[in-house]
Amino acid sequence: MEWLHRKYDYDLVVIGGGSGGLACSKEAAQLGQKVAVLDYVEPSAKGTKWGLGGTCVNVGCIPKKLMHQAALLGTAVKDARKYGWKIKDPVSHDWETMAEAVQNHVRSLNWGHRVQLKDKKVKYLNLKGSLLDEHTVRGMTKSGKESFLTAKNIVIATGGRPKYPTDIPGAMEHGITSDDIFWLKEAPGKTLVVGASYVALECAGFLTGIGQDTKVMVRSIALRGFDQQMAGLVTDHMQAYGTRFAWGCVPQRVDKLPSGALQVTWADTRTGKEETDSFDSVLWAVGRAPEAKALGLDKVGVEVNRETGKIVVGADESTSVSNIYAFGDIGEGRPELTPTAVKAGRLLARRLAGQSTQLMDYDNVATTVFTPLEYSCVGLSEEEAVGRHGQDAIEVYHAFYKPLEFTVAERDASQCYIKVVCERGGEQRILGLHYTGPNAGEVMQGFSLALRCGATLSHLKETVGIHPTCAEELTKVSITKRSGLDATVTGC
C-alpha cells in the first residue's frame, strides 16, 4: 500500500459530490483507502447555485418532500374543521416562510456532508473535475486555476441536470426548472409546468396545494415508464383538487409582456388550434440530461451512449476504461434514484478495496411519486408484466379502498387503489405491487422487502393486517380484474 501511495496521489478519486459520490467516497475511506471527492455546482441558467450534496439534497427529494408536506398540511387544515377544530378564515400560505425554513434545512445538510467527509478523512475539493488520462483528474476552480490529482481508480458520479427545450424561443430566457423552484425568494404565482414526468407532477401538485394557480402541459402521456392505470389515477386526483391540465399540447414560444407576465403560445394537437395564455412563471420539467460533456470522456476512451449521453456501464459499474467506473444517474440504463446510487456507490467502494464481490441488484427497487395523492410501486407495471409473461400468464388482483381518515373529512377516495400483479400459475409469485393513497412510501417500503424474498399471493393473503390502516388492504385483495367483479372494498 505504501508503494501504491507513492505511485498515485490517491487510491480513489470520485468526481461528483452527490448522494452516490459521497456514499462511495466515505465507504472507501472507511476501508482504508486514500480518497478525494471533487464537487462543483455550475449555476443554473437562472443563476441558482447551492452547496455540497447533489440534486437530492439541494434541488430534489429533500426540498420536494418538504414542500409536498406543506401542501398536505393545507389539506389537513381543511379536514380539521370536520374533526371539530375551530379554524378562522382566511387560511393562507406564506411562501417566504416555507422557502426560508426549507433552505435553512438544506444548508444544514450541506454543512453536515462537509463535516462527515472531514470526520471520515475524505479530501473534499470544490473543483470542477475532468479526465486528463486514465489515472489523472484535472480540477478547475471557479476562477480557472488548475490542479491535478492522480489515482489508481477514478469514479464518475456526476448525475444529471434538468433540460431546457432548445427549439422553443424564450424557453431558457424566461423559464425556470427544478434547479430553481426550491430557491425562489417569492412565490412563483400563476405557473405553467411543462412536462408530465414525476418531477413535473410533484411540483405542480405542491404548488396547487399551497394555493398557486397551476397548469400542467402534457404532450402525450403522464408518468411515462410507470403503470399507466396508476398514472391516470394520479392525474385524475390532481385535476379534481384544482390542478389544470392541457393534454396533447406542445409549447411553441414564450414571450415576456411589458407587464412582466410571460405569454406562452402552444399548439393543441387534438384540435389543431393555436392557443395563448399568460403566466407569472414557466417551469420546464421535460427530462434530465447527464452531466458528462465537460468530463473529457472522449479523451480517455470512455464509451458513451450517443443517444442519451450517458456512460455505458457493466454490472460492476465498470466503463470501457479498466480503472474508471461510473454509477448513479450518469450510468446508462440505471434508475435515476438516490437510494440506488447510494447503495451502488458503497458496494463499488467495497469491491475496489478488495473487501467484497457483491454487485448492485437493480431489480425490485421500490419508488414513490410524491403527488398530492401519493403513488408507490415496486416490481413490474401491469404493462411490463403482460409484455414479459403474456396476458394469459398473469393475474391482477385489485381493490378500491377508502382510508379511514377520509370518512369524517368527507374526502373523495375514488382514486385510492391497490393493484397486485402476479404470475397466474404455480405459486402465483408477485411480480408488482402498486398503491395510491396516503403515506405511499411508508406503505411500500416493507412490501418491497417481501418482493425481494420471492413473495407469493398466498404469502400476502396469509399476512395478518394491522387494523385500521391503508396498508392492510394489500393483504386482503381477493378480486381479480379478469373476473369483472366490483373491486370496491366494503365494511370497516
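Each Cβ is built from the backbone N, Cα and C atoms, and glycine gets one as well.
Reviewing CYS24, CYS56, the cysteine that TrEMBL connects to CYS61 via a disulfide bond turns out to be CYS56. A simple Cβ count within 10 Å picks out one of the recorded positions CYS56, CYS61, VAL199, LEU201 as the most packed, and that one is LEU201. Counting residue by residue with DSSP, the domain 'Pyridine nucleotide-disulphide oxidoreductase dimerisation' (365-476) contains 42 helix, 31 strand, 39 coil. Residue pair VAL199 (NAD(+) binding site) / ASP329 (FAD binding site) shows a Cα separation of 15 Å. Within the same chain, residues at least 6 positions away in sequence whose Cβ sits under 8 Å from that of GLY129 (FAD binding site) are VAL13, ILE15, GLY16, LEU38, TYR40, VAL137, ARG138, GLY139, LEU295.
Using a 10 Å radius centred on the Cβ of GLY195 (NAD(+) binding site) and all shown protein chains, the other Cβ atoms total 25. With LYS65, GLY129, ASP329 listed as the residues that bind FAD, the site has a largest C-alpha separation of 30 Å. The maximal spread of the NAD(+) binding site, taken as the longest Cα to Cα distance among GLY195, ALA196, SER197, TYR198, VAL199, ALA200, LEU201, GLU202, GLY287, is 14 Å. Neighbours of ASP329 (FAD binding site), defined as other CB atoms within 10 A of its CB across all chains, total 28.
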